[in-house]
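Quick look at what Swiss-Prot lists:
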ACT_SITE  Glu385  active site, proton donor
ACT_SITE  Glu497  active site, nucleophile
BINDING   Asn106, Gln171, Gln217  carbohydrate binding site
BINDING   Asn296, Ile297, Met298, Lys299, His332, Asn384, Trp552  substrate binding site
DISULFID  Cys183-Cys200  disulfide bond
DOMAIN    91-242  domain 'CBM15'
LIPID     Cys20  N-palmitoyl cysteine
LIPID     Cys20  S-diacylglycerol cysteine
REGION    23-64  region 'Disordered'
SIGNAL    1-19  signal peptide
Amino acid sequence: MKKIQQLLMLSLISSTLIACGGGGGGGSTPTTSSSPQSSSPASTPSSASSSSIISSSSLSSSLSSSSLSSSSLSSSSASSVSSSSVAASEGNVVIEVDMANGWRGNASGSTSHSGITYSADGVTFAALGDGVGAVFDIARPTTLEDAVIAMVVNVSAEFKASEANLQIFAQLKEDWSKGEWDCLAASSELTADTDLTLTCTIDEDDDKFNQTARDVQVGIQAKGTPAGTITIKSVTITLAQEAYSANVDHLRDLAPSDFPIGVAVSNTDSATYNLLTNSREQAVVKKHFNHLTAGNIMKMSYMQPTEGNFNFTNADAFVDWATENNMTVHGHALVWHSDYQVPNFMKNWAGSAEDFLAALDTHITTIVDHYEAKGNLVSWDVVNEAIDDNSPANFRTTDSAFYVKSGNSSVYIERAFQTARAADPAVILYYNDYNIEQNNAKTTKMVDMVKDFQARSIPIDGVGFQMHVCMNYPSIANISAAMKKVVDLGLLVKITELDVAVNQPHCDAYPANKINPLTEAAQLAQKKRYCDVVKAYLDTVPVNQRGGISVWGTTDANTWLDGLYREQFEDEKISWPLLFDNNYNDKPALRGFADALIGTQCTNTH
């Protein structure tokens, strides 16, 4: 039987063990979570071997981080957990788990639990019975075989008096019989009201944790007839495997002709992945990018939720952060039809079409004026996704409040561009849309719109190709041809929202060709696809017409695609479309992007 090693903490260990800030630091108002979660009945070893003492200096040395910082491990579900820090040490990756997000109560069999409570001290649960504890998730494709879990815990005097034991465990989610149950700390090894570090090595004979298809539930539970409470002060997980490195120092520095290499980020729209508070997000953004797009907070419903009530606080903080870190900002988006992003006062407009257009003028002028004065915002998606997906394509009609309230007319599109130009003569104005890279009827409609604008002197500087593509569709030939049509119009071409979905319900013969788990072959194919797309951009768009390339997100754990296709994916998170994995580690896709920038041949090999 494995023994759990313990450390008597002489004092509260300093921040070398737990990074400050991130996806939820100490000092917040305590909250509770009591979501039930399935669990297999954990075995109860008859005895626990005595533990050796680890010195505080050796533990601090082995777990301290010299780089990177706080953020989240997995996606936005309540059952996912944030990671405060990840650091590489002697070939291993150390995950320091967020103690203010992502935990839940857990119980075996029919035993009930009362959830968990967050506090400045950590995560606390009441030991109501055998198998009651607290758990968090480690998201796929992280593998935990041979990983070492270290938990700093503090048991109450009542728990110590109950002579109950503590057990660290790990389970494959939705396959509850597969778990690590051999780590037990006997009551004799526990001291009341004293911080103790318990460690457990996940080491199963059948390597059941050497998998990437399932999330893993990690936790600690009381065994025996417990009473009292247990507080978990901190958790670190040291992974055995060395993280993949793309050997890219700074992606932004590889771009020819100094065009921007950008990324879309979350802000106050995502507490877990907020760039302003998540230091792991900050680390990867600072390392590789020089141009930022706010995923949501500069859209209309955030900026003017009610008529005349403009809210610049969150967007200003975002722009300020970009400025402080020498990054420019692309504004997204002044006008977008999506129902949840249109303020109710516009959706319910009862006045005339001209009054509605005047209200639109007010919104655009106020926003653009504000950021012209503030500085560092260099371009806007003026109108986003105004063309439908029909063949032949046309402007959106009944599904766009802007079309309907403008008198069942697309006049709002040109009006938006005219108003934005009047507000800021220097800012770059883009029309932005998806699927126009397919060189299809939608592309044709976009080109016709631009030609009409140019003929009538409606100001437009460029076209944003969102570029949400699959592994094989659309073809590089069609992507290049679509961009060439905009080049021939003399406009800037900007890839605004690039991602490459490993799985996508509408292409690559899904679900017949569904990929799960994420294999090395799939990652290398994605590497080549990123390279091919970026190379097509460089080959097609002249230097003076390049608006730059932005990726739509940092980590696979925070991609919009898994939410969009949740039903088709049957709640699996299997799109894996970005440059960094769930733990912010490099993926081969990053290498592929870099290869294209420096002119290296695109391959599906390392």
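One is the number of the first residue shown, and numbering goes on along the chain from there.
Cβ from N, Cα, C; glycine included.
Feature annotations (Swiss-Prot) mapped to structure.
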residue: Asn106; record: carbohydrate binding site; DSSP class: strand
residue: Cys200; record: disulfide bond; DSSP class: strand
residue: Gln217; record: carbohydrate binding site; DSSP class: strand
residue: Ile297; record: substrate binding site; DSSP class: coil
residue: His332; record: substrate binding site; DSSP class: strand
residue: Asn384; record: substrate binding site; DSSP class: strand
residue: Trp552; record: substrate binding site; DSSP class: coil
Across the domain 'CBM15' (91-242), average pLDDT on the 0 to 100 scale: 89
Rounded Cα-Cα span from Cys183 (disulfide bond) to Asn106 (carbohydrate binding site), Å: 17
Pairwise Cα distance for Trp552 (substrate binding site)/Cys200 (disulfide bond) [Å, integer]: 37
Shortest C-alpha distance to Lys299 (substrate binding site) - which of the recorded positions Gln171, Cys183, Gln217, Glu497: Glu497
Residue with minimal Cβ packing [other Cβ atoms within 10 Å] among the recorded positions Cys183, Cys200, Ile297: Ile297
Spatial neighbour of Glu497 (active site, nucleophile) that is closest, considering only the recorded positions Cys200, Gln217, Ile297 and their CA atoms: Ile297
Distance, Cys183 (disulfide bond) to Asn296 (substrate binding site) (CA atoms, angstrom): 44
Least Cβ-crowded entry, counting other Cβ within 10 Å, from the binding-site residues listed as Asn106, Asn296, Lys299, His332: Asn296
Cα-nearest neighbour of the residue listed as 'active site, proton donor' within the listed recorded positions, Gln171, Cys183, Cys200, Gln217, Met298: Met298
Separation of alpha carbons, Cys183 (disulfide bond) and Met298 (substrate binding site) (Å): 49
Sorted by sequence, non-Asn296, Ile297, Met298, Lys299, His332, Asn384, Trp552 residues with Cβ within 8 Å of centre, substrate: Ala264, Thr293, Ala294, Gly295, Ala333, Trp336, Asp381
